[in-house]
């Protein structure tokens, strides 16, 4: 029994040991399998992530290759989607196969878990401990290295500070030695000048005082400063504070000093200050140190608005100072520069521009397979005329342009089925990077012809950041056309993520500036407002450095409206290798020659000939006098008002275009300003109440109706007084294949017959330009004519070329130069008096009234001339006596009417005129009346000006020069503000 029980216990013990071992082995296996499972899952996640990246890269590579080869250009959208689906399906199947292989591999690893022993656990534990120890050791090493680096940096910084401190001490010691050497070389100063600073505060200190002050500076570490004030005595302070030897009395020492010393001297100086200023340099001589140092304001105790400030009124200037003799005309030209002149030119040779791509066009096979005869026939069908070398062939469908899918989808949503004639030819040319001139009738889709290539051009360049200028710049003549182009661009730019900003006058400039500062790819603008923006804040708002695509819409109208200087200056500031596009409904020869200066080997496109009215417009021309036009207009309104909108062109604008376009009213009465770019839906009738003054204006007026394939009607009233406009109307009707009324043809033929006979003169085209150019050539011609006239009268040296009537400082009491000229004229014709006795009578003022003076008998020939000379001499002598009786004084004028309002207010205010009058000794008064720009004063009236009068010529010149300086400062401040100088800017519509 005992043996059995022992054997049983032994077996139980063995079973327990065996079970313990099995449990330990099982736990170890589970832990190892769990670790391996985590490692395999991590590997699976990494592999899946790598597969995703590779699939995305392959997908992008596929899209890039397909775009580069142009495989999807000739196929439809369904084929591209089907190929893309097949490719993605194969990729998904490949990824599923790789996942299945990974699962099988995991199963095999789990089946090997029973074969592992406990020794593996021990090895794993030891390995983990070694790894942890090595990691802790690496952390300690890194921490020690970081601390050492910080200590080294602190040591270097301390050494650098010590070096700088030593340099400062050496510099201070060297400066002190130089000052001592200068004082010793000068020797002791004799004499002392009294000033308002007090007796103890001399103008020049003694050597002992300077030494004491210097010692004080050194004791205080070189940081003490000398502070000088008007009523403060110099006090030397020791390092320990020193004792003050000043006792307070019942009377304040400062009050006693002011009452006894300062106030009497101030009264004396106030009596002589004006005389002292006026006598300074008046006699042309200076004495003592003042001849070298100039006028000392502090010596007089007068400091006006801050001493030694450039903006204050300085001492009177000598006669030789060129600023006093500046011509008023040159001053006005310098101060009142236009915004175009203030925009400085850019030297492109000093700027490294980044290269950009122009050519995006790849001709599809359908177009390249066409023969030249087929291309010519297609252009003839579209009524296209092309001038240029290697012109790309016109396209037939939108997908042949090479535009992105987003643009094509937008075209499909807008129901643009196929390109219009101007678009079919312009898109390949502009997409090829060529400069282009597009001439097409109104409503033919010119806007889309330059907008679509611009979007593709912009997407190829790096994105715009804040502070960068635009990439595409579109200029138009009127704000209505700018708004219309902006709305057309917004239809496509929204899908592409491109920002467009309109810049035009008549609206708040603050919002436009904020949008430009944020960065924009496209700017649609009028030339005048764009110049304003570029000049504001010295060009910090935006710039033209990134502009590579320039568009001028209605270019002929911009040149005709006088925007040529602004356009030229803007174009000159854009990089020379830009792409330039010009579009318009009309393009006269004069403007074409001017426009080609800004283009580089352009291709010209014409649709339907040059300046032709759309054939879809029914044109009626009626001969009606002024009295019958209004009743006829009422008949037309009663007939057409219910059919749609009506536009009436007259010489004055009565209604607003915004109400007309927003269906507030169906009738708009406007001038030719509305004839350009105005696109109003459902506009059925156009009435020319007043006949247009040239052919191009008629084409644009009539072109407001019949747009985008719609029908329209145009009625024009003309009378016998408007016969000079009849030939243009007949020409427009004939070119557009419309019937010409017999009475209109008769009026036109009658007028042309009068022109051939020389009775009448044909009017201009409206694009020749008129008025003054205000350039240097015109100034030279005017000065040459003035000089020739003076030479003819024998007074060539009397005045210089730069002098103007208003710039001359003249003596008061009249000028006898006119009488001298009269005498010269009489003497010049004395020799020929017998042949032409009447000539002298015509030259004298008041019709030769001198010959009928009492006591002078009317004679003929030389006797009559001698009598006239004697009478003129008597008048001259009397005028001289009268002038001598009046005290001598001088006067001058300065016109301020055309300056900005702020400048006029400043220069006429008593706070400005008072100090100038007191300082110069001249009297300044405001005369004349303010006239707005464009208004002409009457015969007895004058524009606003300042009248300066003084006892000496130098006083008048000095006062006038100071007034000019004030005007210039305020004018420049006004121009530097956004939208400043409202009175001097051009009208931007």
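Even glycines carry a Cβ here, placed using N, Cα and C.
Record features (Swiss-Prot):
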- 440, 441, 442, 443, 444, 445, 446, 447: ATP binding site (BINDING)
- 88-182: coiled coil (COILED)
- 321-330: compositional bias 'Acidic residues' (COMPBIAS)
- 427-605: domain 'Helicase ATP-binding' (DOMAIN)
- 590-748: domain 'Helicase C-terminal' (DOMAIN)
- 119: phosphoserine (MOD_RES)
- 200: phosphoserine (MOD_RES)
- 1-248: region 'Disordered' (REGION)
- 305-330: region 'Disordered' (REGION)
- 396-424: motif 'Q motif' (MOTIF)
- 553-556: motif 'DEAD box' (MOTIF)
Beyond a gap of at least 6 residues from its ends, the CB atoms lying under 8 Å from the motif 'Q motif' (396-424) belong to 73, 360-362, 364, 366-367, 378, 382-384, 431, 438, 440, 444-446, 448-449, 452, 455-456, 459, 491-492, 495-496, 605, 607
For the motif 'DEAD box' (553-556), the DSSP residue counts stand at 2 helix, 1 strand, 1 coil
Minimal Cβ count within 10 Å, across the binding-site residues 443, 445, points to 445
Around the Cβ of residue 444 (ATP binding site), other Cβ atoms found within 10 Å total 24
Neighbouring CB atoms within 10 angstroms of the CB of residue 440 (ATP binding site), all protein chains considered, total 27
Its residues classified by DSSP, the motif 'Q motif' (396-424) shows 17 helix, 0 strand, 12 coil
Over the coiled coil (88-182) the mean pLDDT stands at 73
So residue 441 (ATP binding site), by the Cβ count within 10 Å over all chains shown, scores 26
In three-state DSSP terms, residue 441 (ATP binding site) is classed as coil
Around the Cβ of residue 446 (ATP binding site), other Cβ atoms within 10 Å, all chains included, total 26
Same-chain residues at least 6 apart in sequence with Cβ under 8 Å of the Cβ of residue 447 (ATP binding site), in sequence order, are 484, 485, 488, 553, 583
